[in-house]
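Novice: Got a structure for you, questions after.
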């Protein structure tokens, strides 16, 4: 019983981070237990509630069972859904003809929040709604760093476009050209609507392969013959060939102009996308998401304090409570002169994180080993990777956070690991160490140790 009690406390602390403060995939870091507010209580209460609820029965002896949410039903039917598929299903607030879509507001919330806005059910769009969305979408030349926030719910984003937008957030400047060239299949320095839609076909093939379904080519061959082996009379259109009938409504079921295709190629779909417009869109989206995160802490001010900067850097990690508190305590002890971090400093640092792989290579070549690095070495490596310099105060703040023993050197391995979690917004974290799976693992270990 003691082992179960220990694991229940563990479960409470784990879930407490989500519900009280820290957001795993994309939320605020949990508050400090002494200086930044309590958090253990919420997790313990939740765990206790789970234990009591699990054992509650009605008067006739039946155990009460909670109703399954739509997302839980999806998870039960398709246990192999990826973390991105599950997240898209959770945040997508609209649907049309059986296919799920995110709105621009849904997308922004999916990358900075742990849970979507409360809603009773998904909104079902009509043809009139789609026409209104198409009319309200600005052309590429009028794009801005406010576009997604301005559109709010007047837009639709498909699952494949969601994956594309997520990839943009982690692209360094050098990767913009590569991304554009992947779409420019004929190499004429322009991308038309058909070339852009090839992306959906690639993801459709991957989706079919993962689930062991026949490829479109195999289905086409089967349908080209009648029952007696003779050619079939009915010929499908290309749109019908591309149709994917998946249970979750993630894949394309119809040809509908989304916000992205209308923004890139115009309302008639005849415009062409050139690299400069593509680059500007990617920069605007990166900046918009960073502004959203920054303003969450700045509350209208021009700067955020150093502790808030640290919370943003740590918000996607799965640090235990004591280690998380240790980082913030360390920073408070070492940063005596609080100058604050401007948005421009924050933006440049996040652009540097998008070149983290290059930084790792540069530092390994420079130090020949994963040794701690000095401020000068760090500053030089960032300049080589990004072409821009970090402010001395920002470098000092980073070192105050990640200098383990106060010797003026950056703890390289720990810095890289945490910054990778930040870069990928938690998608590459080990989910097995969190939530109910972690609780089950804890119970197994306790039973082993007691036997």
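Each Cβ is built from the backbone N, Cα and C atoms, and glycine gets one as well.
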Novice: Looking at 134-171, 172-209, 210-247, 248-285, I want to know which stretch TrEMBL calls region 'Disordered'.
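Specialist: Comparing 134-171, 172-209, 210-247, 248-285 with TrEMBL, region 'Disordered' matches 210-247.
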Novice: What counts of helix, strand and coil residues does DSSP assign across the domain 'EF-hand' (390-425)?
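Specialist: DSSP classes over the domain 'EF-hand' (390-425) add up to 23 helix, 1 strand, 12 coil.
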Novice: Find the average pLDDT over the domain 'EF-hand' (390-425) in the predicted model and report it.
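Specialist: Averaging the confidence scores along the domain 'EF-hand' (390-425) gives 86.
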Novice: Under the DSSP assignment, what numbers of helix, strand and coil residues are found in the domain 'EF-hand' (171-206)?
Specialist: 25 helix, 2 strand, 9 coil
